[in-house]
Each structure stands twice: as C-alpha cells, then as structure tokens.
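Sharing a structure, written as structure tokens. Questions coming.
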Amino acid sequence: MSMPPTLYEYYTSGGVESGLSANQPTFTLNNKNITIYSGALHYFRVPPAYWRDRLRKMRAAGLNAVETYVPWNLHEPEPRTFDFGDGSTEFSEFLDIKKFLQIAQEEDLLAIVRPGPYICAEWEFGGLPSWILRSDIKIRTSDVRFIDLDKPIFELSLLKQHQPSKPLMVMEYWTGWFDHWAEKHHTRTSEAFAQVLGEILSFNSSVNMYMFHGGTNWGFLNGANIKDLTTDNSAYQPDTTSYDYDAPLSEAGDYTDKYFKVKELIQTHNTVVTKLPKQPELVKRIAYPSVKVEEMMTLDDMIKQSEHNITSQKLLPMELLNVNNNAGQSYGYVVYKKENVTIAANSVLKIEGHVCDTVMVLIDGQLKSKILETQDDLNGFGYWRLKDSTLSLGEVAYTNATLELVVENWGRNNYGKLNQFNQHKGLWQGNVSINDAVLENWQIIPLEFKKNWTNSLQNWKKIETNLGPALYRATFQITDLVDTYIDMREWTKGFIIVNGFVLARFLRLGPQQTAYLPAPFLKKGLNTILIFEHFTPGATLKFQLKCRFNELIMAVTNVTLPTLYEYYTSGGINSGLSANQSYFTLNDKNITIYSGAMHYFRVPKEYWRDRLRKMRAAGLNCVETYVPWNLHEPANGYFDFGSGGSDMEDFLDVQKFLKTAQEEDLFAIIRPGPFICSEWEFGGFPSWLLRQKGIKVRTSDPVYMKFVSRYFNTLLSLLAIFQFTRGGPIIAFQVENEYGSTEEKGKFTPDKVYLEQLRQLMINNSIVELLVTSDSPTGHGTAGTLPGVFLQTANFADNPEKEFDRLKELQPNKPIMAMEFWTGWFDHWSEIHHVRDDDDFYDVLDRILKYPASVNMYMFHGGTSWGFLNGANVNNAATDNSGYQPDTTSYDYDAPLSEIGDYTIKYLMVKELLAKYNTIQTKIPQAPSITKRKQYPSIAVKGQLLLNEIIKAVPISFQNPNVLPMELLPLNNLSGQSYGYIIYRKENLTIPANSVLTIAGRVCDTAVVLIDGYLLNKPLTKAKDLNGFGYWRVENSSINLSSQNLTGATLDIMVENWGRNNFGHLDQFNQFKGLWQGGVYINDVELQDWQIIPLEFKKSWTNSLTGWHPPIPRWTPGPAAYKAVFTVDDVQDTYINMQNWVKGVVIVNGFVLGRYAVIGPQQTLYLPAPFIKKGDNTIVVFEHFSPAGQVEFSAKPIFKTAPKIQLTLKAVIMAVTTLPTLYEYYTAGGINSGLSVDNPYFTLNGKNITLYSGATHYFRVPKEYWRDRLRKMRAAGLNAVETYIPWNLHEPQIGQYDFGDGDSDMTDFLDLKKYIKTAQEEDLFVIVRPGPYICAEWEFGGLPSWLLREKNVKVRTSDPKFMKHVRRYFGILLQLLATLQFTRGGPIIAFQVENEYGSTESKKFTPDKSYIQQLRDLMVNNGITELLFTSDSPTQHGDVGTLPNLFQTANFARDPEKEFDRLRVFQKNKPSMAMEFWTGWFDHWSEPHHQRNNTEYREVLERILKYPASVNLYMFHGGTNWGFLNGANIPSGPAIYQPDTTSYDYDAPLSETGDYTEKYFITKELIEKYNEIKTKLPELPELTSRTIYPTVEIENQLKYLDIVDTLPNVFKRENLLPMELLPLNNNSGQSYGYIIYRKNLDLPPNSILAIKGPIHDSVLVLVDGKLISPQLQNVQDLDNFGYWRLDSSTLKLPQKINATLDIVVVNWGRNNFGKLEQFKQFKGLYENEVLLNMKELTEWRIIPLEFKKTWFNSLSNWGAFSPSNLSLNFATFDVDELQDTFVDMREWNTGIVIVNGFVLGRYMRLGPQQALYLPAPLLKRGENEIAVFEHFTPATRITFSNNPIYSN
C-alpha cells in the first residue's frame, strides 16, 4: 500500500498555478478542492524554541493550516524602527515571523496571516503601538496619518460581509475564552466544544479554531476590555498573563480532551487523505525546589538608577514622555514625584478623573494606599473604577516631604468602539490636589523594566520589613532545563522578571495563580528571578508542575435536559394534541409545533435517520409527511408497504419511518390524502382510477369512494397504532389536501359530504388524534373544510399576518398554524431554477413565530421524485394538456436541507430562530456530519440497443383498431400502464413521397416519430422547441414523412408520459397519457389497426435485457438505450452529469433514477450511495435523440438556467394577470407630451413614471444579440435602456459617416436606428447620450482622433475649431434621432447634453458654459424636443457642468441620499435621478479584476428606490471593447497611464456574454418591490449557448519583416510624427493599431538607443527584424524600457553594419476621462527625441500598421510556423454549430487576436483578463480563420474556454 502524500505534495503536484480561490461554493487551492482545518497559534506568544513542537502537534491532529496575527506594536516598537527578529528589543527573539512561517511549511502546514494593523487578540492595545497616541490620529479609520503609518509593514485587507456562492468559513471558532484579572476562570466543556465543531464541519464549512494553542501574554503585553460604552476607564477589565484559552493545546503545549475530539472530527470529515506526523511527546515539566528571597531594592533606589527624570509643570501620560527616541513610554509604571511638599495633618489627596490604571501613594517612601485584599478594594482609591478619588493622608503633618504616585499601566484596551482607543496611561484626566490645592511642577520617572536596565541594577539590600512597592531578588542553580510554573499564591500583586525578561503579572485575587516559565527562558547554572511587589512580599518562591487557578471557576456545564418524549409523556399519556383553546397543548402541556416536511418516499430509507436527526438538531419537534396512494396501491387491490414487490418497495415501509422519527425524538403529522398534490405523479392518485369510466375523483362519487374506502381501511389500520395517545409519534392527521382550491365559480363547489366521508373513515379506523385541513384562508375561506369539525391551517409563502388574521376570523380562539410555509419552490423542465432569497425566508419565518404561530416548513428536506414519479402543473384552465408544465426529478425545493441532505444557510436560520422563540428546552442532538460524496471517473458507453431491439424485448403488445392511452391497456392485473413510454406501431405502410403525418388533438406528453427506425423529429435543444411538433403545446400537429415513396414501411410513434398533473381544478384530473385525444392521419387518412407496445422500464425487465452491442458509429439520432458499467470500491453519494446528453431517463442497477433534459434547469441526477453496490454497477441511459460517448459524474448539483428568483404570491399572481405593455400604458389615448420634470416626480404623457433604466451600448454588442439583451432588460422590470453614441465610430474619417451602411470594420455594430427601434419593439423607452464626448471607458471618450490634426484644438469647449466639427456631426446625427422621439411615436424620452462636464473643472479651467449652451441650441435647432439633461456628481461639482434650463442628474456608486439631497439644493421641486449608478467597475491591464459586492449593490439600489428616485444602472450589460477601442485613464500624468481591458463585463447584472448574474435577480426583485405601475413583462430568455471548440494548432505564420513588406503606406519624414498626423485615411490620420519608425544605420559596438520623453504607449525595438526589447514577464517590467511609466528610457543595441532599426509603437488606447489638458492624446513618438549614442536620429520612414480587415484578408504567402517574436500566427478551424466561446490566451504573452479579419481584442499575460469573448455572430459555418499577432514568443496552439478567465 502506497503512503499518502504530504499536504504540500498533494496540493503542488504538477506545479503551483493558483492560490486559494473562493470563486465557487468550495475553496480550491491550486485548482484542487480544500476544506481548511486551521488553528490559531500566535508566534509571539510561544518561545521560538517551541514553535516546531506546537506546529507538529497541530498537524498531527489533522489540521492543514495555522493562523496567526501579526502585532504592530512588537514589530515597530518605535516609529520607523522595525524588529523582525533582528532588532534589539526585549522581544526580538519572538519576532522572526519568516522563520515561523518556514517552520510551518516544513511541518506541512499552510498559513493564514492576519496582519492587522489592528488585531485585537487580547493583546496590548490590540497590537497597535502606543506611540500613535502622541498625536490626535484617528486609528482604524482612513485618517491619512494612520494609513501612512500602516504602510511600512501592513497591507489592508477588506473582508466581504456577505458573499453568496462563496465558500463558508468560520475564521474564529472560539475553543474556550480568556480571563480577566479579579474575575472568574473560564473553561468550556469538551463536549460542548465538540458538538459545535461537529456542526460547523457538517455544514461543509472550513474552520479556524481560535485558539488552538493560546500561549502567554508575556510581561506587560496583555490586553484589556471595557465592558460598556464608556471612554473614561471606569469599566476597565485587564486580561491575565496566561492566554491558555482552554484551547486544545494548553498554555504549556499539553494535549487536552479537546485536542483528541478535534482529531476525531477532522478524520471523520476530511476527504483528502495526506500524511500526518506522529504526535510529539509532551514537553517535560518539573516543580523546582522552593527558592528563598534574599535581597530587595526600594522604590527610591530604583528611581535613583532610572535613566530618565522628566520635569513638567503638568501631569503627562507615559505615552507623551520624551523617551525612546520620542516614541514615549509604552509599558510598565510611571512615577509622579514631588519633593519639598508641606502636608498638614488630616490632609486629603484627590486625583481627578479616573486612574489609568492603578496608583500607589507614598510619602517619604511609606505606603499610604490601602493593600489590595478583596474584590471590593477595586472599587476604592487607587483603582480605575472610582472617579475623582480621594485618600486621607493621615493624622501626621509633613514638611519637606516627598510625595510619590506610582501608576501602573495594566494593559491597554484591545477591543471596542473607536472612541475607546484613546488609551493613554498614567495620570492625565485631571489634576492632583491636596486639600483642593492643585499640585504642579512634577518629576516624572518612567519605570519600563527593560532587560538591560534591570540587569544593571545595583545597591541590593537584605530584606527589611517593608510594605509598599519594592523589587525582590532570588537566585537558583539549574542543571536540567525543564518547563515549570512559578506559584505566586503567597504574594499580593506585581510582576515577575526571569533573567532580565519580564515574564508575567500576578494577583492574589486571581484567577491566575501561577506563571508559566518555559525552559528556553532559563539557563544552565545561576538564574535570577526578580519580583516587583506592590504591597506585601512572600518569603519564598515556589514552583509547580501545572497551572493553578483560584476557586472562582466558571465552567460551561451541560444541563441535563429531558428529551421531547420525556417532557411530554412524563406522568403518563392522558391526551393528545388539543386545539380547544388559542394555543396547542399536547398531553395537557403547552406546545408550539416546529415541524418540517420530509417525504419518506423521496429519501432512501438508509438516510431516513440522518435526515430526521438533522431536523431534530435544528430544533424541530415534528416531521410532516404525505402518504402517496399510487405507491402503496400500485395496482388495483395490490398493496405495498415495504414488501410488496414494486420497484419502489424499499421506500415504502411507512411504519419503520414513523418508528425512526420517534427514536429521533420527533412527533409526526400525517397527510394521507387520498389526494396529496406534492408535485408528485397525479397528486398521489393511482392512474388505474382512470379506468373507471366517468369517475369523479376528490368527490363523494361512490365509484371513487369505494376505492378510497378500501385503501384507507388498509392504510389507517397501519397508522392507528402509531398515534401519540397509543404511545406513538403521530399527533395529527390531515383530511384531504388544499381542498378549497377545487372551488370553481359556476362549475364546482367543494363537496362537504366527501370531507365528512373521509372523516368517518378515519374515525372508523380508530383515528383519534387531531384532524386538520390546510388551504389559503384568504383565498378559499372555509370552502375546503368543515368548520368546527376540523382545525383549519394555512398554506402560504409570505404575508403571514394576513393569512393568520383571516384564520382567526374563521375560527376564533383556536391555535394558529401554517401547515405549509413554502421554504422555496419546485422547478419545471424548460423553466428557471427557483431559489428563494434567504433573507426573505428568515423575515417571514421570524414573523410567523413572532405572531405567534406554529409552523410546518414545506419542504424542510425536499428529496427526489425518483424515476417517472414527478408531477406536473397546468398553467391555464384548459383540460387539453395545452398548459402542461412537467416537474423536474430533483425536488430540492431550495429547502433548509438540500436534496443530498446538506445543511444550507436556511438551516442555520431555522436553528437560530427556533432557539430564539422556543421557550420549552429539551435535549437536542449534535448535528450529524454531512454525507460523503465524490465525483467518480467518467465511464465510456460500451453497449447499445436500438429502439427496434428494445421493442423486440418487450414481452407483451396489444392490437387495437384505434390508438389507446396507456391507462386503458389490459396489463398489470388490469390496472393499465402507469409510467414510462407507449409505442404505437404500424407496419407494411405504403407512404407516398412528401406525405404529411398529423396527430389530432394534443400529444400527452411528447412524441417521436420514426420510419423504419429513422428519426423524423428535430432533436430537443432549446425550450422553444416545445412549441413544435412532438410536444403538447401544438394541437393537431403535423410532420413531413419522406421526400421519397416508401413501401413496406414501419411507422413508430413513441409517446412519453412526462408526469401527470398534480394540482388544479377537478376537470383537469382526466390525466390519460399517450395518444387519445384524436386519431393519427397520413394525408388526412386515419390509420387503423395499431400494435401498441408498453415500455415501462420495470427493474426486472431492464436487468433481463440482452443483445447489447457496441454503439453504431454515426447512427442517425433516435431513441436507443446505452449501457455503461462502473466499478466502485468506496461507495459514496454522487451526481450523474447529463449535460452532454439530450433527453431521456437514467437507470442504475435496474432502478429508474430519474429524467434528464438538455433544456434544463436540472442537469445532474442525484445518485445516493444506497443505490450503488461495491463492485460492478450498471448504468443504462434511454436517450430520445443523440447520445454522449460517456457517462460523467459530479460532486455537486448543476443547474443550467440562472438562479435566484424570489418567490412571492404576488409574483405568481402577476404572472397570470393580463397587463398592458409599457407603450400601451403610456400612450393610451394618444401622445400629448413627453417626459416632464415640472413636478418633484417624472411624468410621461401626463402619467407618473419612475425610470428604471439600464445602460447597454449597442456598439459593444453584436447586432444579432441586441434583441436578446434588450428583452432580458425588460424581463428584469426595466422600462428604459440608456446608450452612449460614439462619434469616433460614426465619423471614422472627416466627413465620412457610418450608421451601419458604411465600410468601416465596425459597420455591423452601427445601425443605431435599428437598435433604437428594437428597443421599442421590446417595450423599452430609450435615453440617448450623444456626446460629443461620452467617456464610457471608450477610446478617446468617443472623440475621433482626427480632431487632433486641428492645431491647438481645444476639445470640449466653445473653441470654433472644435465646434465646427461638432456642428457638422450633430447635424447628421440629430436629424436621424429626431424622428425617433417619443412625442413623434418613437422610444427616445431624453437626451443628455455633453457628459460629466463638471469634472473638467480645475485650477486651470472653468467649465465653458457657452459650449454647453451651444450644444443645447444645436439639439433644439435640429428638432430635439424631448427632455434635455446633464449628469455629474452633485456633491463634487455642484452645477458647474450644467445650465439652469437643463435638468441635472447624479452619477455615483454609493451614498445616494447625500447626492440626491445636494441635487435638491440646485433644482428644487424636481425629480431625483441617478443617471449612473455604478453596478460594478471596469478593469485596467496589469491591475486586479474588479467585482462589486452583491450585498452592497442591493443595499445601495434599495436606498435609491426608497428615496424615492429614478435610476439608470451603469452598466446593466457591459459588453466588449472590440479591437483597439478600449479607453484608458491618466489619473496624474502619462507615467500613471492605465489602459482598459478588452472585456467591459463591468460585473454588471448581465455578464459580458449576456448571462444572468445574482445582481440581475436582485434588480428584478427590487424593481418588482418598488414599481407600483404594473405592465406586461416577457419571460426570461434562455441563455445563449456556449461551447469549447477543439484546440487549434498554429499552422502558418507571417514573420515581422514579411508583415511590413505587405503594408501599403510608407511615409518619409525628417522628424518623428504621431500616427494622427500621418497623411492617410482621407487626411484623417491613423487612429488605431501600431506605428513603425524605421531607419537604416550602422550600429557601433555598445550602442545605446535612447528615447527621450514618455512613450505613447509601449515600444518594441527590432534590429533587422530581430526583437531586442526584453520580454514582458511581470508588472515590474512596466517600469522598464518600452513602457509608458518611464519618462526617458535607454536600450543597448547589438553591433551591426547597415542595420535596419525598427521602433514599433503600440497605441494601447487613448485616455477617456480627466482634465482637458489630458485630451492631447497623440500616439506614437510625439515630442520625443530618439538618440543613438547621444546623437539625435532623423530621416525616418514611418509605416502605419492598422490591421484593417481588407488588408488582413488580402494577406498571402503564409510561411511555416516558428517561435518568432512579433509575428502573425495563423490557423483555421471548422464550425458546424455556431455558438459563443472564449479564446483562452493564457499560453500567450501580449498582442491581439483576429477572427475572420475582425480584430477581436487585446490580450496581455499580466491580466486580469485572460480570455477573449468570441460571440457566435463573428463566426461562420464551415472554415473560420483565427490569427494572433504576438509581441513576443508565440504559443503553438489556440485553446478555447466556456467561461471568462481572470488572473490577478
């Protein structure tokens, strides 16, 4: 057996590519899953000699990480004097953090570092250095002085508060607690500790145990607390020296019981097995012999030897003393001394304020303070608790006396509010006076007890009788260095010094009574111990083997609580659940029912106990379950309760389930039906009921009731013995289910006789417990119950008060209960995956419990609708199957326990709320561990059976003249066929060419048609395919059969039962499946005489199948079975990943596991371990269309469609209500006016409107996707889209325009008119921002670069040179837009004038109001009549960027109230609007990838809407900066140039690819909440499909010199010119790409090329086509030659005669924002000098390299690939199906990607963007070309990705 790898071997095998990632629900480290098992150990609290011992003990317990704080006050004890183990401080030996981390790595531990600057940690001042108190600095704020102090050592880290879809981690799970002096000693029982740790690990959470090894607060370094909000020291609580913490490893490193519980729990939960070391032996300890104290030194002698004696008129705290290089005094004592004082008899000394922290008063060396003896003494003079304390100095009078006040710093506060960090120590809060005469002119002596000073003390004396502060000395000899404890119980108060090192404080009051003395502090030979005693010394020093605490011990004790059954049955059972009063009682004791739904038939019986225990561990006292008739009586008269022989028998032992519930201390509520709904097949009805002609289910119909009676007589006799009053768990039975919902005005009134018959059946079968019904009280009142007979309960998702209030009206003085509080919701195939917002769930549950009411959470654990047993809904009132919606196999329900039994956030919320509200305390079990699961390796499909081969294996078929539904087939003991497929076969047909087959009526539910085994249907690939032939949505559907004449043909129609309806009106329960609504016709002739074959996939039949053969290659798609076998040694839960299959069912070891469909949302099938056996397991996939080649597995569920729709009844109601469109609502009655701001609110056409707008820029999105993105916006509830208009695209050359009809490379993106019309078609209004300047992180802010050819042009001003071009452009643009205005029947409701013009304001420039007026006039003169507005930050720029007659809006990320309040100052009684609420942010190359916290986004957006204000979400969909069109920023000069990435994803609600994000659903939810005007919204469009195309090998290449030879333009110039001034493109210059400066010359040896002035933007230097510039490797390279950060740069060139020097300059994108002087954006070498060996070079050939499409497509003479720098690398790849993808550029360095001649975008190895979005519209069917222009060494291939890739 091979040894497991070490931790580092496991996580670094194959190299280190990435660190710890939290970009998914579980942590990964170097791309491997990791759960962090960490423990806190602070290196500065442990002697370095013991670091390895403690770390190895941690690893031996199974931990994989160590966590440590880093204390600033130790590492920078004086300003700018650092100590990392190499300094001269007392603590230097503790501070080599690098060594500590190296040892951690050597001991196979990862590390988590918490560098502060503030650390808390019960450490002095929370780790802050006390010298920061010497100024009025605001610590723990953005005070620049604090930040600047912090920078030398620490980097700030922002911790996200709420991060959905992220790993869960407890950073501090407190293993115990710390102690305060004079308080109790804290311990925590190991049982309590282990229970919570087990729960943490069971939640699949990582954990850091704080502390795992506490250590010691050496010397004066303990912290303190302030127990309330005071700032005056009155509530001060100093911490003890011992930081044992009752941790798994004790202060001395001993193992505790907690240690072994940690080890056991990690072994249980950790699935990654790595090598663990043997547990180290304990460190030896002894009790040294007692040592006599022989010498002492008085306070006076110490003061005489002090290094400092400071004179001051006023009292000063120690921090302000000018000692320690003006850092002040940090620790120890400070003596305030005043000589020659005259003190009268009976004088009173007063200290104003509070002492910080204790004070001893001496006169002439004699102690006047009281000795500290009891806790009460701390309330008296000398201690912090007393304000303005006084001390009587006695009856003796003194002259020329010396007064000394010795003040102790007992440790600064380490935690609290910021105003509690003013932690000066000493006397500083007020004056000291005698008899009210203030004393001044003090000597202030710091006593710091530094090692050098202490070791140098002289004048020791023999012990004299002494009372008061003094130093005592003892020595002892040692030969064997061993740990020990010093026992200080004979001493009073003070501290201990060992060999000059201040070891510990002591206090007789405790709790700590011993001081840990580790062996490394001792030395062989003579050792010296000094004790500074405040009061009365002991005679000896004693030692102990272990730590001692005084008798004040506070331990967490486990109170013995009764179980639930013990509590409610003590004294015997006299009665059951009673509702005879306004509250429930059970056996005459009050009870609130906290129940959860879990259906035994949806959970493997092997997991019943696990799920039930998890429910009880959450605090529930009851489980609720339905009982499904169709499982328990699968055939007429044949019952199965766990031994009946059906395929589901293993799930059906309901008696065992109830026994298990009782064993797990839960009561039970039973809902036996006969109808149960439950999203279960046919609502639990057996389908054989449909064989009874004219049967009326759910009524008193005798035909129906005879079957109910027989079933109930069988079922209830089994349940009766489990009633509570008979010693069982059942406390209530529900009668029927949501019967009020059958009410249909004019059609059906609920049948009360039926309800009474059910009641009598229960009574007759000895049911005596409480009978209840459940419905919506507000929806159905008492229609579905018998008032006064049954207790009514409520079903709902929200508005509990409304439902409960109605219940109270219907049944006064009865208990209130929610029988179904919907914790989430179920899914339908082809629709979205439902997730209920956790916070909303918490809020409603809290309101239920607060009402107060009992509750049953439906579901608490959803489970799975196995096999064919899912139900369905009908979303209309029809009875023809037209509104059919089949449910998915997964019934996860977004419940507190997931489908696989995992804990969720909702589980924790339930546990918290039940603990809060339940006043009856009973014993709760520890939460069980989560069930293990794994991702098994993929397995190849080895066997196949075609449909015809399967049909041959079916043992029975039926001949019938007409088609029949499956229920009427004479099989299964004349019970018909319930589930699966039914095949209608007709042989020997003659079918003329071009014949049409028609199925009359609707299919129930899907049909595939085959002729001679060949499939005719189109495969199901998208949800919209359900609208075509073969599906229920089409009535009388037809399909073409063949283009040829066929004779002797076999027609097969395979019809699938996708699940019967489980809810609705009674006439919708006529749920026959198959073909039965009409006949089947060919060319209008009905076919007769059918062979009908049932395909049930029963277990025995499936396991008997033979004749499997290898899959036939390239067989036409169609129904077939595929077989794969996998071998299992370690049986664990898993998921089968069906994403690569199309539609069908999965069968495991003969059991039909469930359905799958590519249309989603469910993409995986839960496969629990009990279905798997050790050894070989068989998977059969019955696929309707096209198979995958293998079966894959997953360790987690996968859903295809976007998550997070908040479920509300309001949303359900709105979905089915006929509403007007947006345009219908606002234009009804004609259009009279546009958008108006004449009131404090907007109106449009005279109707109130709040604008919910989102920014999407048409030029960043392929036109083929415009409609998709706009519809997604409307589906989110938005009513407007905002877009900029980029001048540089629409007028790419002077006077030449492109609005989608030009010849520019971007022409396909520029049909602005079409985009705006599409927005109107998608029911959106439009806000346009035409510039001329737009910012937008777009090249040059949208300005055309040819403007720079106008000498000294002043853009964005009224400069005539600028405005002549604006007028010409606006004259074209505005004429186009004018016809699209709202008041002219179009969608445009507003125009922006300029853009953020206030931001141009500077000391050099005042915004040009004349320019804004001219723009406004241009708009008006060009027919613009809609609202004109500006946008800026009102708080930053006021109204400098606008005009009084323009409407102002605000741009911001946060603080909306501040911005809107400021807006109101400038424009009173106007609406408030955010024109740019920044949803995320953009990225710069070489900088981190930006993401905005979703919680913060939600919070700010809600504040905007609540203000109330209108909003434009910038961006709603960011899109892409195609080609060279990204912008850039220049915050402060060219050296700070920051080019933007190609991706403009922006972390927006819709991603770059148009995917929904969590922000999307947050937006949708909030708009729904605040928008009072309800209009029709479309359904959410499906996501655009994506794929990973196969890797493409580079085939050809053009080397640099070959590229240059193809370039059409070369300009000879004496001096350098930027690209904009070149005479090309109709004298518009060069806008984008690269520019080459070429010169032929001789290069002497050691030649130096110098470029003076900054480069715009980067440069590559070649000699004779060979790259000389260094390769770009890291961010630091941007500070070197070739990049913009250098003002001037040099490069050494090789020696060469007649060389060709090429300087290739890259335009990385022009600045798009800033002050006006920053818009002089020439690119290339401009205002530069190029020198060779200090001589300027002239006479250049200048060659533009623009990468235009026509040029690229003309390239030929491609050569073979080689690793050549600055080369164009070419490949082709074939595409059959056009799908989006990403081009993965991680193997390349820097350059651009070109697809089919179109420059897709830039890439750069520095990131953050690592993959380029390639949308399907840029591809074509067949051969596609892809080329990469690489600056440095090219990769050999191009790979693709399904998703974006970022790396910082």
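Placement of Cβ uses the backbone N, Cα and C atoms for every residue, glycine included.
So TrEMBL lists the following for this protein:
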| type | residues | note |
| --- | --- | --- |
| DOMAIN | 27-148 | domain 'Glycoside hydrolase 35 catalytic' |
| DOMAIN | 157-268 | domain 'Glycoside hydrolase 35 catalytic' |
| DOMAIN | 328-448 | domain 'Beta-galactosidase 1-like first all-beta' |
| DOMAIN | 469-527 | domain 'Beta-galactosidase galactose-binding' |
| DOMAIN | 584-916 | domain 'Glycoside hydrolase 35 catalytic' |
| DOMAIN | 976-1096 | domain 'Beta-galactosidase 1-like first all-beta' |
| DOMAIN | 1119-1177 | domain 'Beta-galactosidase galactose-binding' |
| DOMAIN | 1242-1569 | domain 'Glycoside hydrolase 35 catalytic' |
| DOMAIN | 1629-1746 | domain 'Beta-galactosidase 1-like first all-beta' |
| DOMAIN | 1771-1824 | domain 'Beta-galactosidase galactose-binding' |
Any chance the domain 'Glycoside hydrolase 35 catalytic' (584-916) and the domain 'Glycoside hydrolase 35 catalytic' (157-268) are in contact, meaning at least three CB pairs closer than 8 A with a sequence separation of 6+?
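Result for the domain 'Glycoside hydrolase 35 catalytic' (584-916) with the domain 'Glycoside hydrolase 35 catalytic' (157-268) is yes.
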Would you list the DSSP helix, strand and coil counts for the residues of the domain 'Beta-galactosidase 1-like first all-beta' (976-1096)?
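Residue counts for the domain 'Beta-galactosidase 1-like first all-beta' (976-1096) by secondary structure: 8 helix, 53 strand, 60 coil.
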At a Cβ cut-off of 8 Å, and with pairs 6 or more apart in sequence only, do we get at least 3 pairs between the domain 'Beta-galactosidase 1-like first all-beta' (328-448) and the domain 'Glycoside hydrolase 35 catalytic' (1242-1569), yes or no?
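The answer is no, given that the two segments have fewer than 3 Cβ pairs within the 8 Å cut-off.
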State, in range form, which of 27-148, 157-268, 469-527, 976-1096, 1242-1569 has the highest count of Cβ pairs under 8 Å to the domain 'Beta-galactosidase galactose-binding' (1771-1824).
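That would be 1242-1569.
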Relative to the domain 'Beta-galactosidase galactose-binding' (469-527), which of 27-148, 1119-1177, 1242-1569, 1629-1746 accounts for the most Cβ pairs at distances under 8 Å?
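Ranking 27-148, 1119-1177, 1242-1569, 1629-1746 by Cβ pairs under 8 Å to the domain 'Beta-galactosidase galactose-binding' (469-527) puts 27-148 first.
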For the domain 'Glycoside hydrolase 35 catalytic' (1242-1569) and the domain 'Glycoside hydrolase 35 catalytic' (157-268), check the count of CB pairs under 8 Å (sequence separation 6 or more) and say whether it reaches 3 or more.
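When sequence-distant Cβ pairs are counted, the domain 'Glycoside hydrolase 35 catalytic' (157-268) touches the domain 'Glycoside hydrolase 35 catalytic' (1242-1569), since at least 3 lie under 8 Å.
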